[in-house]
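Listed in TrEMBL for this protein:
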DOMAIN    64-153  domain 'PPIase FKBP-type'
DOMAIN    177-267  domain 'PPIase FKBP-type'
DOMAIN    291-379  domain 'PPIase FKBP-type'
DOMAIN    403-491  domain 'PPIase FKBP-type'
DOMAIN    510-537  domain 'EF-hand'
Amino acid sequence: PAIGSRGSVLSSAVFALRFQMDITKCFGLLLFVFAVDCNPGPLADIVVDRYELPKVCAREVQTEDFIRYHFNGTFYEDGKRFDSSHERGKAFVSQVGLGKLITGMDRGLQGMCVNERRRITVPPHLAYGSVGTGGLIPPDATLVYDILLLDIWNPEDKVQIRTISKPEICRRTTAVSDFIRYHYNGTLLTGEAFDSSHSRNTTYDTYLGQGDIIEGMDEGLQGMCVGERRIIIVPPFLAYGETGHGKSTNIPPQATLVFEVLLVDVFNPKDDVTAEVREMPKNCTRRTVTGDYIRYHYNGTFQDGTFFDSSYQRNRTYNTYIGMGYVIHGMDKALQGLCIGEKRRITIPPHMAYGEKGAGNLIPGSAVLIFDVHVIDFHNPKDSVDIRVTHKPQECNMTSEADDLIHYRYNCSLMDGTLLYSSDQFDSPSVTTLGASKVILGLEEGLKGMCVGERREVVVPPHWGHGEEGVAVGVPGSAVLLFELELVQLQKGVPEGFMFVWLGEIPNPLFNALDLNGDKEVPLQEFSEFIKLQVKEGKGRLRPGVDIGGVVKDIFDNQDQNKDGKIVEDELKIKDDESEQVRRDEL
């Protein structure tokens, strides 16, 4: 034990200050709680000079407290040093007020604050008296102790918790068996730093209540919310006790520890994926299932709100199959049962995400991931074109089919409502011949069987549209397209390879019907008049969408085998396709 002790343990108590002064021989100056005596007589009691006080004193030394302090001990008469904890390189620890120190020290340490410096002058009768000790302290020696208090605790102390800040919303608090990730700054009561997770730029990760950390921290970290900041004060017997911890940190024996903690993450090994619906579309006719292909946008954050990834920043959706192992297990599970247009917040524990190892520099180990997901569209590779009639006229005598020339209006959008193309951008409706591969297969399918005036909504999966690459300008890869269609005009067509078809019985004999003036010759003008008459009377049909004069000239030239500008009976030929069950002629 150090000189000044009667044992090896220390504590704190309230002190009393008394001194004598010969006012007839000198003058005295009283400053705060100490006295200056120009020519004092023998001291009747200790003299305490509190020459340096901390701005804040959360606690004062009381009887039975343990304290840890540094000191220099000198003789009052000549200032010669007789002992020093500084020279030993180790602070002194003892209990106050129970006779383990000399009486003068037991009294002089009372009421002291951590980081306070005081000078205690102890007269002989309150020190080692007329005997002295060990050859170091002579008889009747007045002693002066210069004290710096480093720590106070009591065997009755408990872990102290002070909340600095707490998030407004706290869905979950930490409990025994949870795994947590937190940042901390660790200091002694004096404010001296001994460790910090911030300086290592990595969280401290541990299970709660399983003895993996000191007992006081195990207790102090319970009941916290993610984003909460706390001060946790741990007494020595709930920390590193008499041995301290000097391997990676410089924690002295019997040190009270102060931790400023920020909780970053919490989960339990029993946790499952959770999903919170943020926005649901009014109409949801179908939900995602295993095997579907989905396109969605997302923002990815950790539980403390720290951002780590976003599809929006790349201006490109994330596209994947569901339930087939192409994404982390938790996301594979969470993406099932969603509607197009739905927004969800998905929380995935690390054992269903990237586990203890994390993912490179992006995802730390044991991180809970939160995804705010917006479903743009989804489809199944087995999907066909989905057609819904929104309006149909009362009279519908004729419907569109292959080879017909149609005029139609359309809006083409993504499933989230983003407009891609519209016929309203042009002066007239769009025109196409069905079956001529002029439009994507899904639109072709959606335009079949329509009446003039009919309106439809047609959903086209990408394998019926622009595929995985999205070959059309402005159409994303693997995009499901929504067409709003209206059939404006319909001209019945003729099969590919034909320019004219008969709609009824062919005149017999045909050449006589062609030879309007009966001269056994049919020139181009006479041939043209005949064909136009058949079309007018509804007996025949020319290929729509082409120049009539040109079509008639082509038919005539095909029959005029010797190219002499007229057709005779021997040159006339008729095509007959019985498989179509309609008699067709090149005429």
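Glycine residues also receive a Cβ, built from the backbone N, Cα and C atoms like all the rest.
These numbers come from a predicted model, not from an experiment.
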Which residue counts does DSSP give the domain 'PPIase FKBP-type' (177-267) for helix, strand and coil? 13 helix, 37 strand, 41 coil
Could you pull the average pLDDT for the domain 'PPIase FKBP-type' (64-153)? 96
Quick one: DSSP breakdown of the domain 'EF-hand' (510-537) into helix, strand and coil? 18 helix, 2 strand, 8 coil
